[in-house]
Amino acid sequence: MDIRPSEISKILKEQIKNFDQKAEVSEIGWVLSVGDGIARVYGLDNVQAGEMVSFSNGVRGMALNLEIDNVGVVIFGSDRDIREGDCVKRLGAIVEVPVGPALLGRVVDALGNPIDGKGPLKATEYRRVDVKAPGIIPRQSVHEPMSTGLKAIDALIPIGRGQRELVIGDRQTGKTAILLDAFLNQKPFHEKDAGNEKDKVYCIYVAIGQKRSTVAQFVKVLEERGALEYSIIVAATASDPAPMQFIAPLAGCAMGEYFRDNGQHALIGYDDLSKQAVAYRQMSLLLRRPPGREAYPGDVFYLHSRLLERAAKLNAENGSGSLTALPVIETQANDVSAYIPTNVISITDGQIFLETNLFYQGIRPAVNVGLSVSRVGSAAQIKAMKQVAGSIKGELAQYREMAAFAQFGSDLDASTQRLLNRGARLTELLKQPQFSPLKTEEQVVVIFAGVNGYLDALAVADVGRFEQGLLTLLRSDHSDLLQAIADQKQLTDDIKDKLIVVLNTYAKNFS
């Protein structure tokens, strides 16, 4: 075999030229003990609170407890393949998730990894999950309506863009249904020509500790009704570890803040925060933090307040964007005075209180109008809605008061009887089937008919039929009237006169 020295020297020179001695320095530690989704790690002396770490099998974790001789790490994933003595690396980054329009229409887990089988995300931007809420100066008071399409809510407990409105009630009272209807109600704004960017509301649904079948059902409804294209679903289901359920709302909020900070509008539903509190309690107890009331850690109030304070309406200098939050809390046997419910009630700007017995009476959405409030109030309504909703609030309040007394006496004077009849019909009018949100102008017309006595002569059972017929008539023959209310945002004398003519004719012919 012929060896050519020139060739050998050429190969050696080539290899020397390409030799690049890169040393990777990473700070490491070792697992002392692991179990229940928590690892105790020795080493990692310079790790920061909330920093991501990586175990030797690729699972990520987050350093939460920084003690003198060890670090308490919560594991974002299964702890089955982590052993005592395994190597743990610092990643030098706080927990981040992908954000931006690339996530719309997708289902992701709490760390932003897609779980819907539609391939990888095309997101280019990442954000920290736990950031400080905007201060006082960049904010503006809530003044634009965030319509849910539900008469009972938009008329009596209005929600504004940038508000935090709690949806609270027992299990199976229709809490998720309210979120779903609010999401579906944003569809018309996305159908119009793209010039109307300021009306578009992007929706984020965070499922915490729910059954996978429930989340799949939610996604299916959004998909069938064409609402998935402007929604993001963040799912940390019941089978996910507690740290994932704890971080999911923060991740969803970071995704919503992207829209808020870019001058757009977003609506986020946390379903539900009681399960996040339970997951946080589990983590805290396993990390040996001292328990407080109901064994929750002392900072569970701070956990929820720093999350919900991130929902805000920003002023014009900061782009006029908004993030509206609808946190859900599940109560046990209507006990609103438990620890987590009272905490979240005191943080939010009002609550929608749903009751089991109303639900079983067929009053759906099962909103208890007496206990529900919106602390933003009529600032979050257009003038047309204020004009008709003011009187319905008063009449329903009087009706509730009278109905309690009327149970005892049978001989009621005519005015009381009239009040009870009107109240029963208005209550019937506020009922609404699921998946059928109404536009604001349609709600205005329906409530106008109710408070002006057009329902008084009807049997209670006919109210729903009357409403359906009226809406069908308006949509087909008087769409200009609806459009006028939508454009002028108030009931001018001219619109009122036209409306009364239509209602008189319709009521006369209704049988």
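Each residue, glycine too, has its Cβ placed from N, Cα and C.
Not measured: the values here are computed from a predicted model.
DSSP assigns Lys175 (ATP binding site) to a helical segment in the three-state reduction. Annotation comment: Swiss-Prot describes Gly169, Asp170, Arg171, Gln172, Thr173, Gly174, Lys175, Thr176 as ATP binding site.
What Swiss-Prot lists as site 'Required for activity' is Ser372. Long-range C-beta contacts of Ser372 (site 'Required for activity'), restricted to its own chain and to partners at least six residues apart, with a cutoff below 8 Å, comprise Leu156, Ile157, Gly350, Gln351, Ile352, Phe353. Classification of Ser372 (site 'Required for activity') by DSSP places it in coil, neither helical nor stranded.
Those same-chain residues not listed among Gly169, Asp170, Arg171, Gln172, Thr173, Gly174, Lys175, Thr176 yet with C-beta within 8 angstroms of the centroid of the ATP site C-beta atoms are Glu330, Leu354, Thr356, Phe359, Ala366. In three-state terms derived from DSSP, Asp170 (ATP binding site) belongs to neither a helical nor a strand segment and is classed as coil. Counting only same-chain residues six or more apart in sequence, the Cβ atoms lying under 8 angstroms from the Cβ of Gly169 (ATP binding site) belong to Lys175, Glu330, Thr331, Asn334, Phe353, Leu354, Glu355, Thr356, Ala366. The binding-site residues in question are Arg171, Lys175, and the one with the fewest Cβ neighbours inside 10 Å is Arg171.
Ranking the binding-site residues Gln172, Thr173, Thr176 by other CB atoms within 10 A of the CB puts Gln172 at the bottom. For Gly174 (ATP binding site), the same-chain residues lying six or more positions away in sequence with a CB closer than 8 A to its CB are Leu354, Phe359, Arg364, Pro365, Ala366, Gln434.
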